[in-house]
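Visitor: Feature list, courtesy of TrEMBL:
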- 47-73: region 'Disordered' (REGION)
- 49-60: compositional bias 'Basic and acidic residues' (COMPBIAS)
- 61-70: compositional bias 'Low complexity' (COMPBIAS)
- 512-540: compositional bias 'Basic and acidic residues' (COMPBIAS)
- 512-593: region 'Disordered' (REGION)
- 541-552: compositional bias 'Low complexity' (COMPBIAS)
- 554-593: compositional bias 'Basic and acidic residues' (COMPBIAS)
Amino acid sequence: MLLLKRRPVLILVVPIALTVVAFLLHTQTDATAWVSKAAANRFQYGDADSSRTDDLDHPDTAAGGASDSSDWGDADTDDHIHTFIGGPETGGDHNNAVVGGVVPEEGSQPPVTTLGAGAVATNAIESYMRDYLLSRAEGFDAKVHLDKYGLKLGVVNLEAYHRELLEVYNEFFGVNEETGDVYSFLAPVLSRLSLRPPTAPLPPLVKQVAATEKNLDKIPSYFDDWDRIMPNWNITLFDDTSLEQWVNYEFGGSELERLFNRLPRQVLKSDLFRYLFLLVEGGIYTDSDTAPVIPAERWGQPYEDRTPEILEHLSRLLMLSDDPQADVFNHPVLEEGGELGEPALVVGIEFDSIMYGWDWTKIGVSRAVQITQWTMMARPGHPVFLDVVGRALHKTIQIEEERRKAEEEGREYVDEWALEWTGPGVWTDCVYRYLLARYGFTPEMLIRVDRPIRVGDVLILPSKTFAASERKEVSEKNKPFTAIFHGFNGRWRGEDPTVKKINELKKIEKEKEEKEKKEKEEKEKKEQEEKEKQEKEKAAAEAAAAAAQAQAELDEKAAAERMANEEKERQRLEAERKAAEQKLADKDDAATR
């Protein structure tokens, strides 16, 4: 066990007890406490039978309701029929109302229940909500979103998503080896996937901050702002050894522990730890090179509610149930969305390449609109964390197999880039997937978000909210929502072999580009010189031709003049000859006479 001291806290390698986070779960006549594994690592609701692993496959649990394993969800349909009283104008015969989604056969005895005029059964509303979400899921084109945004959401049908997360739990977590109990986070995870309101309050936000750092002596001084600005929060620092101890203690003997310990790089363990910590404990995870600009209670305030209105209205109808515990859910926060209480997950957009007109494929990122994971806030038991843990562990198994095959075949094998294995790439996919499967909120709806928005139980902060380049940015008019300063001192890039390989390839590519550029310039120079030579030769030839033409014209003119002169001379001589002949003839005539 590890000791969590009060602010500031340094986790030592020595195993000591974890802080017990307790809160009361409201029931009609009594209350039960929740604690982390430091006490039991599970929610104690109802019967002791809640630890039975076979209950994980209970049909109601798989469908989003409750089973014997938890009082979080809804009771079996036969025992949990809500009725809603409508006015007389709604019409209809209450004796023919649909009960539990089943129409009684003619002549059969209908179930005994009390339905007022115009009443609507819970299952009818739930079915309508499910149909709405299904239509949104069916409209999602995985290939288009992969090509356009880099997203790899997987199955986005709510029921299939629910089943997949249960499979992840069964494969990697199972039951607590020491107690035989179901892990604490499973109940709220399943409750958040249910369309019906929970039958008991979900776990509240725990006021604790966890951070990781390889060398605790090198934590930036500005990290102290967490204690200064949020004095009523516990601050806990984990080094590489202590975060491994935390995982091994919480999940000792599980398949998760086995795979975690075999992760080849510390950055992968650090990523997985933050998801597991928030899944089990809740609170804030933040990198050690961050500092709050404002208290966590003010993050994303005020926000704009973008939960689909149809889900909000139907959720309000479900709140009108005449169930004896309905008063538990009558909370004013319903006016701001379909989720009860404060947001269960608070995340920030790391950047929006579409908003800024960037080509995200050329700037070293993995998604067009990426969600940051250097700072996150959550209440315990959110489905997104179970999803990202499952994906990371499945990727680990896949990579181990690919590495083994490469070694057998004598090939070089480079591990997956951390961004895709455990980092913001896969994290972004899981956040998008939950928003779409649970609330019908499509990825396009997160493009160009310039203010905090709430979708169901998720609060999403705009780009730069968690990435102020200066700690004073909160006072700037153009940074009204800034919450976190981030120094970007992360060591993961230097440790990631894929990043190293990419950098090597970039260097080779750069050298190749420079060589090609030089060769191109030399070629262009030679071509230019050859062109100039040809142009000179052409000009000389043209000049010579012009001179020859001019000379020919002169010669032709001279010849013409000569011929003209010769003709004149001939004509003169001919005239003289004729004159002489005429004179001689005249003389002969005179002599004859």
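Cβ coordinates come from backbone N, Cα and C, glycine included.
TrEMBL labels come from automatic prediction, so no person has curated them.
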Visitor: Kindly report the helix/strand/coil residue split of the compositional bias 'Basic and acidic residues' (512-540) according to DSSP, in that order.
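Guide: DSSP composition of the compositional bias 'Basic and acidic residues' (512-540): 29 helix, 0 strand, 0 coil.
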Visitor: Please work out the helix, strand and coil residue numbers for the compositional bias 'Low complexity' (541-552) from the DSSP assignment.
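Guide: Per DSSP, the residues of the compositional bias 'Low complexity' (541-552) fall into 12 helix, 0 strand, 0 coil.
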Visitor: Just to be sure I understand, if DSSP states are collapsed into helix, strand and coil, how many residues of the compositional bias 'Basic and acidic residues' (554-593) fall in each?
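Guide: Grouping H, G, I as helix and E, B as strand yields 39 helix, 0 strand, 1 coil.
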